[in-house]
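Structure record follows, encoded as structure tokens.
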């Protein structure tokens, strides 16, 4: 016989096997000292027409989730001798609290995600703007470097320096040589 363990409602653990309700257990005790689980078992017993003695082996007439859905959707107690003790109200409140907490957690997650996305977009835009700004300034900078080199190295010396840079093994030096050559040629 395959045993299925499920948490069907916050705070209530239910063990089911092939449609048989084997055990319902509450994680918290209520203020009277009687566990909500005992009240739940008794309520399920009455709804499913099971006596307390045969409760462990009795066959449920409806799937368990229908029983819980009946309690939650009706928003009013199913008539049992335990209704007065408020088990149904507690189940509904626990379910509502669970839904509310889940929604709050979801909203916090969405809010954090939106903030993180906004920061990412902002940083990306700033990096892009810096990059664009550097490339716009670059021709002016290389032109001023070329001017300076022309003043220091007269005649063909500047062309020799640029040519040496272009043949250099390092990519940065080659790139600098090419940009300086463009700047020198445009002057």
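Using N, Cα and C of the backbone, Cβ positions are placed for all residues, glycine too.
Keep in mind that this is a model prediction, so the values were computed, not measured.
Range with Swiss-Prot annotation motif 'RxLR', chosen from 30-33, 34-37, 38-41, is 38-41. Shown for the region 'Highly variable C-terminus domain' (137-187): DSSP residue counts in helix, strand and coil, namely 41 helix, 0 strand, 10 coil.
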